[in-house]
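**Q** Here you go, one structure.
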Amino acid sequence: MTAFLWAQDRDGLIGKDGHLPWHLPDDLHYFRAQTVGKIMVVGRRTYESFPKRPLPERTNVVLTHQEDYQAQGAVVVHDVAAVFAYAKQHPDQELVIAGGAQIFTAFKDDVDTLLVTRLAGSFEGDTKMIPLNWDDFTKVSSRTVEDTNPALTHTYEVWQKKA
């Protein structure tokens, strides 16, 4: 399985200055639940946005073009083929692609599961989720969580690629 995991506002926004444009603890718990025990692939900038690195209890894989980049406690790779080679060596762990936008683009043709959190509000930011062909996927679950701040009301959706 290769899954995309991300949160977006109602306009598809996913980032602001290298960080999330909102603070949503419930979604951070969801992110953790979806990545613990798995291979989590992120780009260098996304990795560096984490307050504590590497994220515990999961394999942190950093995909970067910087040949000399080092990330203590993480696996650093320089192309998509290296990610799949690493995953093949660890068949017991699912592959979760967690951004940013360039990393999603690199894996766009390989994804079979979409784990998206949709926030009801509209936020300020500078990075949107890449376009996906939603017709290639079927929604298999959806759960809405109300928030006292209507903009933070959010829905967790799981989509599977059609056979």
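Each residue, glycine too, has its Cβ placed from N, Cα and C.
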**Q** According to Swiss-Prot, L5, W6, A7, D27, R32, R58 bind substrate; identify which of T117, T127, T138 is listed for that same site.
**A** T117
**Q** How many Å lie between the Cα of Q66 (NADP(+) binding site) and the Cα of T117 (substrate binding site)?
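**A** Cα-Cα distance, Q66 (NADP(+) binding site) to T117 (substrate binding site): 30 Å.
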**Q** Cα-Cα separation of W22 (site 'May be important for enzyme function') and G15 (NADP(+) binding site), in Å?
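**A** About 9 Å separates the two Cα atoms.
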**Q** By CA distance, which of the binding-site residues (G15, R44, L63, G99, Q102) lies nearest to R32 (substrate binding site)?
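**A** Among G15, R44, L63, G99, Q102, G99.
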**Q** Rounded to the nearest Å, what's the C-alpha distance separating G99 (NADP(+) binding site) and W6 (substrate binding site)? Just drop the number here, would you?
**A** 7
